[in-house]
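A.B. asks: Just passing along the structure, written as structure tokens.
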Amino acid sequence: MTEENQTLPEFLLLGFSDLRALQGPLFWVVLLVYLLTLLGNSVIILLTQGSPALHSPMYFFLRHLSVVEVLYTTDIVPRTLADLASPHPQAISFQSCATQMYVFIVLGITECCLLTAMAYDRYAAICRPLHYSTLMSWQACTAMVGVSWLMGIITATTHSSFIFTLPFPSHPIIPHFLCDILPVLRLASAGKHRSEISVVTATVVFIMVPFSLIVASYARILGAILAMASTQSRRKVFSTCSSHLLVVFLFFGTASITYIRPQAGSSVTMNRILSLFYTVITPMLNPIIYTLRNKEVAGALWHMVKRQVSSP
């Protein structure tokens with residue numbers, strides 16, 4: 001490690017300090033969205049854990065997805081709220097920046113893998129129903145979740161060890177509200193090449209490959225739906241997949257725009273808005289989408305509400 005990194009410089013997060021007129025309103029919006037995210041995902045966790053009707057592989061994955069969303073936003077939002085409450089840019093220590101990025105990568109990669117597992121579950125249920133109980137046994141589901149977390153940990157460890165052993169200026173300034181990979185990597189004064197290669201490789205492997213697998217799964221599902229003779233059966237099958245598809249496009253769409261689009265000419269403000277969307281807004285939308293567009297989840301929620309109201 002270089003002498004510059006041995007001094008462990010503090011990073012200065014600019015956040016939204018250049019948009020002071022928006023900091024106050026943005027603080028309350030982000031706080032409200034964060035509270036809704038915690039509430040919505042906590043409800044999903046309780047429903048999928050406590051309702052016998054939701055004890056299936058799809059909802060097992062959904063429960064883990066909600067756990068990831070709660071941890072994901074908690075890694076980012078409290079610090080963002082503290083920065084929004086201050087009129088000046090706030091410093092973040094070298095260790096805190098590295099920790100935030102590490103957790104951010106672990107949870108982001110884990111979510112990619114969980115969404116892919118959920119797509120495979122739908123493929124197995126619709127295209128291979130006779131083998132579903134074997135393909136999606138509880139041992140297989142547990143293994144898929146374990147592999148998802150393991151891939152997140154491996155990727156985060158690789159990225160963090162590459163990035164945070166690079167030499168940084170003595171007073172690095174991050175034009176962002178979190179220690180994201182690309183803004184921090186651009187601060188390094190030398191040796192960026194190997195980290196840039198790892199970022200591109202991880203982008204291809206953990207954004208494009210999972211998304212391609214999800215698209216392939218739903219292409220097979222679409223073929224199975226079109227082969228169904230009953231319009232009612234088609235509608236029922238499509239309704240079970242539409243929630244997951246919407247979540248997939250929200251997550252992978254914003255991630256692809258952020259990490260794959262050319263960085264030349266991209267504005268700092270646009271980068272922050274996109275990051276705010278997939279780190280704050282999307283985790284709030286997921287439980288809403290699954291509750292409103294999924295009859296089983298909505299039914300379980302209604303039964304839970306009635307049980308709480310009728311209990312003394």
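If you go along the chain as it appears here, the first residue is 1 and each next one adds 1.
Including glycine, each Cβ sits where the backbone N, Cα and C put it.
Dumping what TrEMBL says about this protein:
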type: DOMAIN; residues: 40-290; note: domain 'G-protein coupled receptors family 1 profile'
type: TRANSMEM; residues: 26-48; note: transmembrane segment
type: TRANSMEM; residues: 101-120; note: transmembrane segment
type: TRANSMEM; residues: 141-164; note: transmembrane segment
type: TRANSMEM; residues: 197-216; note: transmembrane segment
type: TRANSMEM; residues: 237-260; note: transmembrane segment
type: TRANSMEM; residues: 272-292; note: transmembrane segment
A.B. asks: Check the transmembrane segment (101-120) against each of 26-48, 141-164, 272-292 and return whichever range has the most CB pairs under 8 Å.
C.D. replies: 141-164
A.B. asks: For the transmembrane segment (26-48), find every same-chain residue at least 6 residues outside the stretch whose CB is under 8 Å from a CB in it, and list them.
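C.D. replies: Here the qualifying positions are 16, 19, 54-55, 59-60, 62-63, 66-67, 69-70, 73, 77, 80-81, 84-85, 276, 280-281, 283-284, 286-288, 290-291, 297, 300-301, 304.
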